[in-house]
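Enquirer: Below are the features I grabbed from TrEMBL:
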BINDING   43  O2 binding site
BINDING   47, 53, 91  Fe cation binding site
BINDING   53, 95, 105  substrate binding site
REGION    1-191  region 'Domain A (catalytic)'
REGION    191-293  region 'Domain B'
C-alpha cells in the first residue's frame, strides 16, 4: 500500500467492492482495522464484538440499529458526524445509496470471538447466531449471511434451540450510548479549552479508545490514530484539505511510529494503559517531508 492515499480516489477505484450485502472494503489492517463502507446495503444481521467502533460519516447519513438495554434503538449518524460505539453492543449498520462512511476498529486478540445474530421480528429473541474469530469482517460475513438465508430458521422464522448458545462468549453491554456529534463543531466549541489545556479528551476516560484534541495555530481538522503497544506503524487522517479548488479531500497516511516525537503526550501513562490512542488536531498543510518519513 502507498504511504499517502487520497481516500476519495481510493473509494472510486474500489467502488466495485461496495456491493450488498456488506458493502465494505478494508483500507488498512494492522492493529487498527480501517474500512470504508458504502451503500445501499441489505442487512438485518447484528454484529457483536469485544472492541469499540469509531464511525465517521464522510458522505450522506446512515442509521446504526442497536440493541440498547434489551430494546431496539436507531442511532442516526449524519454527514460529518462522529460516533463511538461501546464494546459488546449488538449493532446493524444501515446505509443508503451514494453514502460513504469510515469505520475504525481494533484488531481482535486470538482468544476473542465476534458474533453475528438475527432476531425474531422486532423482538430481541435470537433467531440465528454464529460466533467466529474475526480476521477480515468484509469477507467473513458473506458466507455466514448466506448460511442464514439457506437455513430453516430463515424459512420458518423460528429459532432452533439446539443451535443457540446457552451462554455467549462474553456478557453483552447494558450501557446507554452517546449521541452522534459534529466533528467540526466539537473542535470549534472546544478550541479555547484545547488551546488552554494543550490536550482535551473527546470521549472521556470510559472507553478503550482515547481521542484527544491538540492545538496548533495553522491547522485544520485531522484525526491521528496510533497503537502505542506496538513498535510498528501509526495512522493519520486529514479530514479536510481545501487547497484544491476549495473541495474537501480526505487523505490516509501510513508512517513509522517515530512520528510520535512530533506529538506532545501530556500523560505518559496512556502509553501503558491504552491499547491505542486516537488524536484529533488541526493542520494547515503537510507532506511526506514534514511528516518526517
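Glycine is treated like the rest: Cβ placed from N, Cα and C.
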Enquirer: Average pLDDT across the region 'Domain B' (191-293)?
Expert: 50
Enquirer: Between residue 47 (Fe cation binding site) and residue 105 (substrate binding site), how far is it from one CA atom to the other, in Å?
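Expert: Residue 47 (Fe cation binding site) and residue 105 (substrate binding site) have their Cα atoms 13 Å apart.
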Enquirer: So among 43, 53, 91, all listed as binding-site residues, which is physically nearest to residue 105 (substrate binding site)? Use the C-alpha atoms.
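Expert: Given the candidates 43, 53, 91, the nearest one is 53.
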Enquirer: Let me check the 10 A CB neighbour count of residue 91 (Fe cation binding site). How many other CB atoms are there?
Expert: 21
Enquirer: Centre the Cβ atoms of 47, 53, 91, go out 8 Å, and tell me which other residues of that chain have a Cβ in range of the Fe cation site.
Expert: 46, 48, 49, 64, 66, 85, 89, 90, 92, 93
Enquirer: Using the residues the record lists for substrate (53, 95, 105), what whole-number Å value is the largest Cα to Cα distance?
Expert: 18
Enquirer: Give me the CA-CA distance between residue 43 (O2 binding site) and residue 53 (Fe cation binding site), in Å, as a whole number.
Expert: 18
